[in-house]
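I have placed the structure first, in the form of structure tokens, so that the comments after it can refer back to it.
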Amino acid sequence: MLKYVWLLNILIGDSVVAKKIRWNFNKFVGQRSPAEMLIYGFALVILLGAILLSLPIAAQSGKSGGFINALFTSTSAVCVTGLVVVDTGTFWSAFGKTVIILLIQIGGLGFMSLTTMFFVLAGKRITIKDRLLIQSSVNMDSISGIVKFTKYIFFSSIIIEGIGAVLLALVFIPEYGFLKGTAYSFFHAISAFCNAGFDLFGHYSSLTKYVDNFVVNFVMCGLIILGGLGFAVTSDLINIRKFERMSMHTKLVLTVSGVLLISGFVLFFIFEYNNPKTMGNLSLPGKMMAAFFQSVTPRTAGYNTINISALTKPSLFLTMLFMFIGASPGSTGGGVKTTTFAIIVMTVASVLNGKKDVTAFKRSILGPAIRRAISVLVIAFAIVIFMIFVLLCTEPDASFETVIFEVISAFGTVGLTTGLTPHLSIAGKIAISITMFVGRLGPLTVAYAISRSEKRSRENVGNFKLPEGNIMIG
């Protein structure tokens with residue numbers, strides 16, 4: 001708690017009132033679980049972002065775009081989604097765009113990671129409570145080495161984003177000039193690595209003008225994939241390199257990600273090959289680039305090089321499936337996560353094959369991990385179904401297919417849309433904002449915070465075990 005006291009000392013001084021405020025604040029923090037503090041922290045960042053974006057200076061017109069639009073944009077940025085109700089490139093001023101990219105960086109790396117770096121650089125001690133909060137923020141299994149890992153997250157992100165920006169500058173500076181091209185390069189490199197999907201090209205066009213540009217496709221796909229793998233995986237790739245020596249988590253993430261990328265590329269290539277509204281008029285290399293990009297981006301990135309609303313029905317369904325699965329744990333992306341998907345599939349396979357244990361890479365998967373995966377999937381389904389119902393009520397003129405796509409995109413913090421987002425009602429904007437918020441934090445984190453199950457599970461340690469009962473299934 002020392003760092004909270006130190007920060008409050010700076011903000012409010014050392015008066016009697018200040019001491020009372022600090023005491024109440026530390027009491028509040030001490031009573032909150034890491035999951036709850038994570039929710040409060042993200043909510044506070046979103047609120048501050050909304051206030052800044054609602055200022056007249058944030059809009060190019062010099063007139064406020066309204067608090068609801070600002071709140072939606074701030075939520076989308078912090079939750080690294082990319083859904084927008086106003087065009088990012090033409091509506092927001094330089095100030096507004098700067099606020100948005102800062103919110104994306106905070107949301108992508110996690111506000112606790114950045115806060116930790118601030119206090120480490122200031123020479124302040126990181127307490128056990130802080131380490132638990134960071135652990136929840138970056139989705140690690142242990143607090144051992146958490147500060148060192150946080151430093152790795154911060155510095156590796158800066159390096160990767162910097163390299164991406166330099167490569168994008170090869171295209172953007174010749175096209176837009178040095179200042180604008182440099183700004184565009186850094187904005188899109190940060191947004192891509194954080195899997196945010198915000199763009200500055202105007203008219204909700206995303207990257208459609210670069211559909212057959214090799215440099216833009218290569219760099220953006222690389223940034224999106226690295227951001228979606230998770231920092232623990234990239235650390236393994238850098239430090240270990242040999243696949244057989246990597247952790248089971250890294251092996252599973254790389255395998256599932258590879259299968260999804262390759263299968264997605266093949267299926268999108270087949271389904272959209274002759275579609276004149278998407279890839280039909282492109283050259284063979286252009287079609288291959290577009291198909292691969294479309295395989296990468298639904299995994300929580302939100303950029304598109306082809307018209308999403310013009311996709312064939314199979315491609316639209318495949319995109320929704322990929323959006324729901326999402327990225328990997330500890331990454332900048334959302335969704336139920338690749339490991340959850342893999343564990344569920346392997347559990348079903350083990351049941352069908354009559355095996356007692358669920359195994360992968362010559363290791364058995366622990367029961368708590370299986371229960372957690374099932375819980376995440378069930379809670380995610382429940383949230384998506386409920387929000388689909390809510391949006392059907394708030395947007396009666398929207399088609400059923402469009403609503404489903406919008407909700408899954410928001411929950412997976414993807415940012416792809418078939419065109420509904422700019423036309424959402426106020427109630428619809430609030431509903432989608434809540435969906436993005438829950439999707440970014442993770443359904444299980446939100447459920448823990450609401451039910452306080454973490455606290456109850458600790459209290460129940462050592463309690464007697466009830467008799468077993470049998471229930472017929474299927």
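Including glycine, each Cβ sits where the backbone N, Cα and C put it.
Predicted automatically and left uncurated, TrEMBL annotations should be read as such.
Feature annotation from TrEMBL assigns transmembrane segment to 37-55 (among others).
Listed as Cβ neighbours of the transmembrane segment (67-86) (distance under 8 Å, sequence separation of 6 or more from its ends, same chain) are residues 42, 45-47, 49-54, 58, 92, 100-101, 103-104, 106-108, 191, 194-198, 204, 300-303, 332-334, 406, 409-410, 413-417, 421-422, 424, 426, 429-430, 432-433, 436-437, 439-440. Residues or ranges marked as transmembrane segment by TrEMBL: 67-86 (among others).
Positions annotated as transmembrane segment by TrEMBL: 98-122 (among others).
Feature annotation from TrEMBL assigns transmembrane segment to 152-173 (among others). Under 8 Å from some Cβ of the transmembrane segment (152-173) lie the Cβ atoms of residues 108-110, 113-114, 117, 138, 180-182, 184-186, 188-190, 192-193, 210, 213, 215-216, 219-220, 222-223, 226, 231, 234-235, all in the same chain and six or more residues away from its ends.
Annotated transmembrane segment per TrEMBL: 185-202 (among others), in sequence order.
The transmembrane segment annotation in TrEMBL covers 214-232 (among others).
Here TrEMBL flags 252-271 (among others) as transmembrane segment.
Remote same-chain residues near the transmembrane segment (308-328) are listed as 195, 227-230, 233, 253, 257, 260, 264, 267-268, 271-272, 275, 277-278, 294-295, 298-300, 334-339, 341, 380, 384, 401, 404-405, 408-409, 411-414, 416-419 (criterion: CB distance under 8 Å, separation of at least six residues from the stretch ends). The feature transmembrane segment is assigned by TrEMBL to 308-328 (among others).
Residues or ranges marked as transmembrane segment by TrEMBL: 334-352 (among others). Residues 79-81, 195, 249, 252-253, 255-257, 260, 299-300, 323-328, 358-360, 365, 369-370, 373-374, 376-377, 380, 411-414, 439-440, 442-443 of the same chain, all 6+ positions outside the transmembrane segment (334-352), place their C-beta atoms under 8 angstroms from a C-beta of that stretch.
Within its own chain, the transmembrane segment (373-392) is flanked in space by residues 324, 336-337, 339-340, 343-344, 347, 398, 400, 403-404, 406-408, 410-411, 428, 431-432, 434-435, 438-439, 442-444, 447, which lie at least six positions past its ends and keep a Cβ under 8 Å from the stretch. Residues or ranges marked as transmembrane segment by TrEMBL: 373-392 (among others).
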